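The following features are taken from TrEMBL:
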type     : residues                                                                                 : note
BINDING  : Leu29, Arg30, Gly71, Lys74, Thr75, Thr76, Glu137, Asp138, Phe139, Arg180, Tyr190, Arg227 : ATP binding site
DOMAIN   : 60-193                                                                                   : domain 'AAA+ ATPase'
BINDING  : Thr75                                                                                    : Mg(2+) binding site
REGION   : 191-261                                                                                  : region 'Small ATPAse domain (RuvB-S)'
REGION   : 264-353                                                                                  : region 'Head domain (RuvB-H)'
REGION   : 332-353                                                                                  : region 'Disordered'
COMPBIAS : 342-353                                                                                  : compositional bias 'Gly residues'
Amino acid sequence: MSGALPGGAGSRLVGADADGDDQAVEAALRPKDLGEFVGQERVREQLDLVLKAARQRGGTADHVLLSGAPGLGKTTLSMIIAAEMGAPIRITSGPAIQHAGDLAAILSSLAEGEVLFLDEIHRMSRPAEEMLYMAMEDFRVDVIVGKGPGATAIPLELPPFTLVGATTRAGLLPPPLRDRFGFTGHMEFYAPAELERVIHRSARLLEVTIEPEGAAEIAGRSRGTPRIANRLLRRVRDYAQVKADGVITREIAGSALAVYDVDGRGLDRLDRAVLSALLKLFGGGPVGLSTLAVAVGEERETVEEVAEPFLVREGLLARTPRGRIGTPAAWEHLGLTPPQRGTGGGQSGLFEA
Ligand SMILES: Nc1ncnc2c1ncn2[C@@H]1O[C@H](COP(=O)(O)OP(=O)(O)OP(=O)(O)O)[C@@H](O)[C@H]1O
Ligand SMILES: [Mg+2]
């Protein structure tokens, strides 16, 4: 990472991936049942039916696929599924399963009704994936014994179990795998009011006093993501404790997040550097990604993968075949006036296209 942004994008406060600090506290902040799980009304309601029906039948719930961006609650929901079914949960991930044999070992040691949580399921190896197809459908695996022409497949019966797969990239799942899930829940970004509820709940658990306006201030900067909301809450709590009487008001939240360089819309220094270069140096574009990256002293990949997705989602930046463009909302957000352009070219023409 270049020197322009010390610490690099990996440790950014508004990043949606879990950092070490998050992992330590997340267990304590995770809702334990569906009733405590905030938002995601559709997924929650549908899942509630799936689980209730399975309980009534006294059977095992259908396999569940959870897809959605990092930090929206996939791992949390998988634990809730196990808790609601009164079943134990085994946690593993696609990248941890190198060989089909690794998967066979896990599957054959499952207890009846156990929940197997397979995180990052899109990153599993092909042979393991194929073994999983049969395990999901027929609760059976073929264990291959020996090598070469003398190898034999020994069928092994599995107890019924519930597979909960999680993925940030549902599009990367092969259709045969996707089709074997009885229920797919797509997690959406959270509305500010939902994030306020997440923040109030976490504040209670962390024993922090927070005013409604303080929670609203943090929610508005959390990029629709509970993990970020919880992280910002912890940083604001530190500030309130050191600089004030510990109570989180709107003013305290605003000043704290200004110290941490998170603006009113949840943009950090990198995001604003990209926008500001786009608008101030290139008149709002279109400008090529490489040029933009050089202008902010970052790698292309950093600009494209770290900064741009949220800017695009917020409608501040658009990717066009001719290059990156700052939208009218971007000019407004940075408090700048777009240059006047004549007809027959320039940016206005592009917006009409
Ligand atoms: N609906 C929710 N209500 C309350 N808290 C939530 C909710 N969803 C997530 N959280 C909080 O956000 C944190 C991150 O959630 P979780 O680890 O489940 O996300 P994830 O989707 O598994 O992310 P990743 O893709 O990085 O694995 C959890 O510690 C939890 O406290
Ligand atoms: Mg997770």
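Yeah, the Cβs are placed from backbone N, Cα and C, and that goes for glycine too.
Structure coloured by features recorded in TrEMBL.
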residue: Leu29; record: ATP binding site; contacts (Cβ under 8 Å, 6+ apart): Arg201, Ser202, Leu205, Leu206, Asn230
residue: Gly71; record: ATP binding site; contacts (Cβ under 8 Å, 6+ apart): Ala16, Asp17, Ala18, Thr225, Pro226, Arg227, Ile228
residue: Thr75; record: ATP binding site; contacts (Cβ under 8 Å, 6+ apart): Arg30, Phe117, Asp119, Ala166
residue: Glu137; record: ATP binding site; contacts (Cβ under 8 Å, 6+ apart): Arg180
residue: Phe139; record: ATP binding site; contacts (Cβ under 8 Å, 6+ apart): Glu157, Leu158, Pro159, Pro160, Phe161
residue: Tyr190; record: ATP binding site; contacts (Cβ under 8 Å, 6+ apart): Val38, Gly39, Gln40, Leu72, Val198, Gly224, Thr225, Pro226
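With Leu29, Arg30, Gly71, Lys74, Thr75, Thr76, Glu137, Asp138, Phe139, Arg180, Tyr190, Arg227 listed as the residues that bind ATP, the site has a largest C-alpha separation of 37 Å. Among the binding-site residues listed (Leu29, Gly71, Thr75, Glu137, Tyr190), Thr75 have a CB atom closer than 6 Å to some atom of ligand 2, in sequence order. For ligand 1, there are no nearby binding-site residues; that is, of Glu137, Phe139, Tyr190, none has a C-beta under 6 Å from one of its atoms.
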